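Quick notes on the structure that follows.
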Amino acid sequence: MWILIYLFIIWSSLRTWVTAVDSTTTVGDDLNETVSASVWPTMSPQMTVAFRSQRDVMGNLTIDQLPYVGLNLRRVLLNNETSMVNEGNNTRLLTLFKSMLSSEANAFVLDLEQYNNDLRVVDTTLLFSDVLIALQSFIFSTQNNLYANIIVLLLNISAPELDSTEYRHQNQTLNTTYILDKNLGNGFIYKPTDLQSDRAKNNTWNIYGKSSIDGWPTLGSVLYEQKKRLVIGELTDFFNETTAPYIFPHDVFHYEQGNSTLDCPSTVEGLTDLSSIHWRFLDSLFNSVDIKEYISCGLSPIISNSAYVNNVTQLADIIHEGSVWSWDSDQPSVTQSTSKSGSSSGTLEAYNCVLLYYFANNETVTWRVGNCYNSNIGLCRYENMAFRWLVRSNKATYFDFDSYQGSKCPDQYSFNIPRSPLEQRSFIAYMRNSSFSDTQIWIDLNSISVSNCWVSGGPYASCPYEKVISKRNFVTMMVPASVCSFALLCIVVYLSVLRVPIYDNRKNWRRVINKISKSELEGVPS
């Protein structure tokens, strides 16, 4: 019986241990997991964490207001300077395209032409279906909360040289729905019908709040609830709603080439007006300096630098400068634990909270990791107003600035963070108008729960990639169970080895009992 109890205890402890290990997602271990990129430079663990945390911060932004960094594939990949095009090396072209998908680029302009009731990539023998198969493979390999992101595919369709009757006939016989269903699958595509459904359910927003007329769903809704990964749009006027129901028409997107006609806003009114324009793309030549400025002005750059096709590293640097608009160049620091420690001066240290550094001389900001136990001022936002900020003058540690006991932000304000380049630009305008000098400000972003998992929601926010328990709490949970198991084991061993004394002296007890029984009288007393 004791053996069975002991085995049950051991089984329970092992089950708890296995459950905890299986349920814990250590984000640091996932830093080394990268999508296959045989040509494109692999993202470092630091870049991976920065890009992922930035995506998570933008989770409540609508997909039309996200900052995309894209590539014009015909100019970058398929220009005349590319020997691959002249050689007709389709395999290498697809390999490079797959590598580009695994970079930080998340928008692509693809030029297609009609070819025998099919679509073919201009200046190549590649079919549109070949590109879709490569895209499907990438989406399958990244269909999880760690790596999933929205991809925008913008199509330039070249019409065949036919008279109007033949053109209209070929356009109607071209079955784009079949091509997309067969080679990609419609489950990953966010379609015009999905947008209509979201608007009917009042699940869309614009800059002013919920809107069923011109609103769009949030990134979190599209990625995690609907499991959609791809938005396909047309830049020409080749398709219609009947022939291409999966593709958004050209008038949905604000797409410009060369120079932008949109002014870079510097006031809240200008920022609000710009935000009312959906999907703002600028197709032009960029370098690693000016691309950050265009991003901060609310535009999504489409890189058309044909000279960089043979210098992939330089092109990758430009994409990185544009895609990471928040963190400093050497941030965030990749750590292995979140446990607090004491410095030589006796103060507590936990470098798991984020400070926004404001530099007044050039009016720039950047994010850096700071010690959560240091006292700093914090950033507050007014209700759901995207561009209305307040910096509190009273200093506090990260844990005290926004805690269960209350927030340091006043009523109708909440501890917050700039979620996009435009919101960060509005914050800079606020700091300039308020005549702030260089300063460091707490923002609502930390990795207190799990190392390298940067989340918003205050110091007690949990990591979305960790289901049950973290490494830090694992030892705390296992120690009591292990001690109890060891104590019960000792008791079981003791009872199994050491017999009860009455059985140990059985002969002596029998002799005593016999002696006593002889002195007893038999029969009934008279």
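Cβ coordinates are placed from backbone N, Cα and C, and glycine is handled just like the others.
As recorded in Swiss-Prot, the features of this protein are as follows:
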| type | residues | note |
| --- | --- | --- |
| CARBOHYD | Asn32 | N-linked glycosylation site |
| CARBOHYD | Asn80 | N-linked glycosylation site |
| CARBOHYD | Asn89 | N-linked glycosylation site |
| CARBOHYD | Asn156 | N-linked glycosylation site |
| CARBOHYD | Asn171 | N-linked glycosylation site |
| CARBOHYD | Asn175 | N-linked glycosylation site |
| CARBOHYD | Asn202 | N-linked glycosylation site |
| CARBOHYD | Asn240 | N-linked glycosylation site |
| CARBOHYD | Asn259 | N-linked glycosylation site |
| CARBOHYD | Asn311 | N-linked glycosylation site |
| CARBOHYD | Asn362 | N-linked glycosylation site |
| CARBOHYD | Asn433 | N-linked glycosylation site |
| SIGNAL | 1-20 | signal peptide |
| TOPO_DOM | 21-477 | topological domain 'Extracellular' |
| TOPO_DOM | 499-526 | topological domain 'Cytoplasmic' |
| TRANSMEM | 478-498 | transmembrane segment |
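Overlay of Swiss-Prot feature records on the structure.
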residue	record	Cβ neighbours (10 Å)
Asn156	N-linked glycosylation site	19
Asn175	N-linked glycosylation site	14
Asn202	N-linked glycosylation site	11
Asn240	N-linked glycosylation site	13
Asn259	N-linked glycosylation site	8
Asn362	N-linked glycosylation site	5
Asn433	N-linked glycosylation site	10
Looking at the glycosylation sites Asn202, Asn240, Asn259, Asn362, which has the shortest Cα distance to Asn175 (N-linked glycosylation site)?
Asn240
Counting distance between Cα atoms, which of the glycosylation sites Asn156, Asn240, Asn259 is nearest Asn362 (N-linked glycosylation site)?
Asn259
I'd like to confirm something. Which of the glycosylation sites, Asn156, Asn202, Asn240, Asn433, has a Cα closest to the Cα of Asn259 (N-linked glycosylation site)?
Asn156
Taking Cα atoms as reference points, which of the glycosylation sites Asn156, Asn202, Asn240 is nearest to Asn433 (N-linked glycosylation site)?
Asn202
According to DSSP, Asn156 (N-linked glycosylation site) sits in strand
Sorry to bug you, but what's the C-alpha spacing from Asn156 (N-linked glycosylation site) to Asn202 (N-linked glycosylation site), rounded to the closest Å?
32
What average pLDDT is reported by the model for the topological domain 'Cytoplasmic' (499-526)?
62
Please report the DSSP secondary structure of Asn433 (N-linked glycosylation site), reduced to three states.
helix
